[in-house]
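Notes to accompany the following structure.
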């Protein structure tokens with residue numbers, strides 16, 4: 001009899017735990033179904049709520065209802081970018097919303113700065129190292145006041161920045177609703193070629209050579225040498241392209257973040273981003289964000305080495321080495337990024 005009562009008590013506790021988990025997930029489901037179909041906001045939606053601390057509230061007000069003349073042109077530009085994202089999501093709802101609901105694990109790319117109530121979705125190969133440096137300075141999660149004093153490897157240490165997936169579901173919902181959210185994007189094929197050059201043509205990236213290079217050589221290179229199979233250090237762009245468009249690649253695991261699509265990393269059809277910056281106008285857009293949060297006088301976004309960056313001409317050279325079929329397949333893979341962020345189809349593509 002006692003054993004039966006104990007068993008019933010255990011079952012009751014388990015049921016309560018399951019119910020609590022389901023309720024939390026249901027709350028997250030509600031938030032995302034509400035946010036997925038909300039109209040594009042043209043005015044600051046938070047001005048009357050008194051929800052935000054000084055930095056973020058002023059940032060949102062200036063973004064949606066600029067009072068300073070220098071912000072007026074930027075406000076029009078960023079409204080057009082928001083509209084482009086929303087229009088693409090509506091027009092391609094079947095493909096852009098394959099995932100109807102997000103979970104906390106989908107939010108690991110969203111970096112949170114509590115002091116300024118900012119959320120930044122980082123996209124590798126779009127100045128994300130410098131943005132992580134800036135976010136470390138803004139959030140005070142480090143000993144530095146100058147972003148360029150932060151070693152690049154330290155900027156990528158997970159514990160140096162807090163990401164949205166570390167919060168409870170109610171706290172996630174609160175921040176997604178009330179914080180200024182932004183991301184930076186880049187011409188998709190320039191970003192792809194930049195990732196290839198960085199991860200497969202530099203000797204020091206042995207971890208990528210071992211994890212991905214050996215797999216690519218084994219699958220797509222005929223008569224590969226023993227050395228190539230063991231090191232994976234000499235992957236050709238054609239082999240990399242073949243790996244990306246192979247249906248089996250995405251079935252086995254999500255793409256690596258360095259060549260994953262922006263819409264899969266940041267979920268712009270599920271999360272309303274207030275500001276979309278572009279790599280092509282990086283310094284202007286980045287410093288605009290810093291001005292919005294009241295840090296424009298004390299902090300400037302680091303400039304980058306233009307001599308080593310991947311250009312359109314460089315991307316054209318790499319794409320000239322792959323077939324028109326592979327070019328078409330790659331375009332289909334990154335098509336939503338092209339459409340959402342208003343990038344033209346590259347003139348060098350030979351689409352079938």
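Cβ from N, Cα, C; glycine included.
Annotation source Swiss-Prot lists 3'-phosphoadenylyl sulfate binding site at 124-130, 186-194, citing similarity to another entry. As annotated by Swiss-Prot, N-linked glycosylation site applies to 205, 223, 321, 342, with the evidence given as sequence analysis. What Swiss-Prot records for 1-16 is topological domain 'Cytoplasmic'. According to Swiss-Prot, the feature topological domain 'Lumenal' maps to 38-352, an assignment based on sequence analysis. Per Swiss-Prot, the feature transmembrane segment maps to 17-37.
When the C-alpha distances from residue 187 (3'-phosphoadenylyl sulfate binding site) to the glycosylation sites 205, 223, 321, 342 are tabulated, the minimum falls on 342.
Among the glycosylation sites 205, 223, 321, 342, the residue whose Cα lies closest in space to that of residue 191 (3'-phosphoadenylyl sulfate binding site) is 342.
Candidate binding-site residues: 124, 126, 128, 130, 193. Nearest to residue 342 (N-linked glycosylation site) by Cα distance: 126. Proximity of residue 126 (3'-phosphoadenylyl sulfate binding site) to non-local residues of its own chain (separation of 6 or more, Cβ distance below 8 Å) is seen for 184, 185, 186, 191, 279, given in sequence order. Spatial neighbours are here defined as Cα atoms within 10 angstroms of one another, and by that definition residue 321 (N-linked glycosylation site) has no neighbours among the recorded positions 124, 128, 130, 205, 223.
For the recorded positions 130, 205, 223, 342, the largest tally of other C-beta atoms within 10 A is found at 130. Applying an 8 A CB threshold to same-chain residues 6+ apart, the list for residue 193 (3'-phosphoadenylyl sulfate binding site) reads 237, 310, 314, 315, 318, 319. Counting only the Cα atoms, the space from residue 130 (3'-phosphoadenylyl sulfate binding site) to residue 223 (N-linked glycosylation site) is about 41 angstrom. Regional average pLDDT for the topological domain 'Lumenal' (38-352) in the model is 90. If you draw a 10 Å sphere around the CB of residue 191 (3'-phosphoadenylyl sulfate binding site), it holds 24 other CB atoms from the protein chains shown. In the three-state DSSP reading, residue 128 (3'-phosphoadenylyl sulfate binding site) counts as helix.
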